[in-house]
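The feature substrate binding site is assigned by TrEMBL to 23, 124, 168, 300, 419, 426, 427. Summarising the annotation, TrEMBL assigns active site, proton donor to 169. The active site, nucleophile annotation in TrEMBL covers 372.
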Ligand code: FCB
């Protein structure tokens with residue numbers, strides 16, 4: 001155990017806020033931006049709730065100054081945002097679009113003027129549509145396109161941006177995008193999902209190598225969405241095996257190649273009926289395991305799983321069976337009495353500690369950052385316009401404590417980014433799910449700091465839970 005004050009985080013702990021391009025920017029056709037797979041998908045009837053799209057979203061493209069001022073007001077020390085690939089390199093290959101890059105230059109300058117560290121995600125799901133038309137992530141060439149794009153974005157912003165992550169949640173891009181199809185581009189073919197996974201990881205490794213060669217001092221990493229996993233009944237061999245399989249597909253199939261340079265053998269065997277992993281070429285795993293300066297972890301909840309039972313109905317959305325290639329028969333359970341968020345995700349803060357400690361224990365040392373954590377709740381606006389989101393305040397507080405517990409247990413956690421700064425376009429759920437510390441009235445674009453934002457201001461100010 002490391003000895004630290006129970007309420008305070010180590011000096012220099014980074015308190016940040018996170019967003020993603022398609023979820024907040026809007027300005028979908030402005031200044032040379034061309035469609036991404038999320039434009040196409042959200043404009044396809046039936047793909048998002050209510051037919052919602054990111055056309056306007058939070059109009060952050062025009063209101064970024066106001067949004068940076070909000071961050072400053074909340075005492076946020078770092079801002080994690082993503083670059084929209086089709087804004088800066090329309091079509092996904094060839095020359096860069098100066099107007100698109102200029103937006104991010106203005107944003108970065110604004111952040112630095114407010115002493116907020118810019119933290120760039122190069123890919124948060126908005127693949128240029130042309131690259132999907134050429135085969136998308138199941139096509140190996142997309143990895144090379146990504147590395148080229150990454151190097152050029154770094155060349156434009158690298159003098160002022162020092163922290164870079166390549167991908168946000170490749171699990172979602174690969175399996176929700178190409179296996180279950182509940183996310184863009186909406187394809188439903190498990191072997192493509194696995195090929196997409198490998199090429200996302202390959203693109204990560206190639207980009208890390210290329211940026212490293214250009215800028216040895218840059219801090220480089222990737223963000224994975226990791227889950228705590230439990231068997232429904234720890235005494236049941238079937239449930240234990242279900243937990244092993246889901247841990248394999250959610251966590252280890254990404255952690256192992258990135259940090260250990262290999263795919264987990266048991267998971268490859270689980271997947272043998274779907275893919276022979278013929279997409280892996282000599283040298284790929286070495287590339288994928290290029291040394292990192294940081295690992296970003298997005299943590300939201302725990303999966304409690306059980307052995308197959310044909311009488312139990314399938315779960316909707318990302319727990320849709322086909323989001324889990326080769327383990328479509330595993331049951332996802334909800335524990336009676338455990339509170340859930342508006343996403344129907346169980347609130348499980350100890351799972352965050354468990355996840356951090358597990359990564360620290362089972363993998364080679366790498367500085368860890370929580371790059372997303374937060375909760376959707378159906379907020380109520382009071383007559384005076386305020387939002388007293390007590391449930392979100394409680395969610396955040398419990399997870400701050402969980403981070404603190406992980407540090408006390410020796411996990412090298414250096415920062416935390418709340419998801420999200422603003423209410424925003426929640427993918428297939430459209431605007432129905434609100435994750436923000438700041439409410440957005442989509443009709444007027446008015447921003448209102450919620451109670452959770454006011455609470456976060458106290459946390460950033462005291463570097464912890466005092467006050
Ligand atoms: C994560 C995504 C992020 C947001 C949160 C709620 O999977 O990275 O964009 O949608 O979930």
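The backbone N, Cα and C atoms fix where each Cβ goes, and this holds for glycine too.
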Using C-alpha atoms only, work out the spacing between residue 426 (substrate binding site) and residue 372 (active site, nucleophile) and round it to an integer in Å.
14
Setting 23, 124, 168, 300, 419, 426, 427 aside, what same-chain residues sit with their Cβ within 8 Å of the center of the Cβ atoms that define the substrate site, listed in sequence order?
20, 169, 372, 420, 424, 435
The residue listed as 'active site, nucleophile': which of the recorded positions 23, 169, 427 is the nearest Cα neighbour?
169
How many other Cβ atoms sit within 10 Å of the Cβ of residue 168 (substrate binding site)?
24
Recorded substrate binding residues, 23, 124, 168, 300, 419, 426, 427 - maximal Cα separation rounded to whole Å:
18
At the level of the C-alpha atoms, what whole-angstrom distance separates residue 300 (substrate binding site) and residue 169 (active site, proton donor)?
12
Residue 169 (active site, proton donor): which of the binding-site residues 23, 124, 419, 427 have a C-alpha within 10 angstroms of it?
124
Assigned conformation of residue 168 (substrate binding site) - DSSP reduced to three states:
strand
Determine the most Cβ-crowded residue among the binding-site residues 419, 427, using a 10 Å radius around each Cβ and all protein chains in the structure.
427
Can you see whether DSSP assigns residue 419 (substrate binding site) to helix, strand or coil?
strand
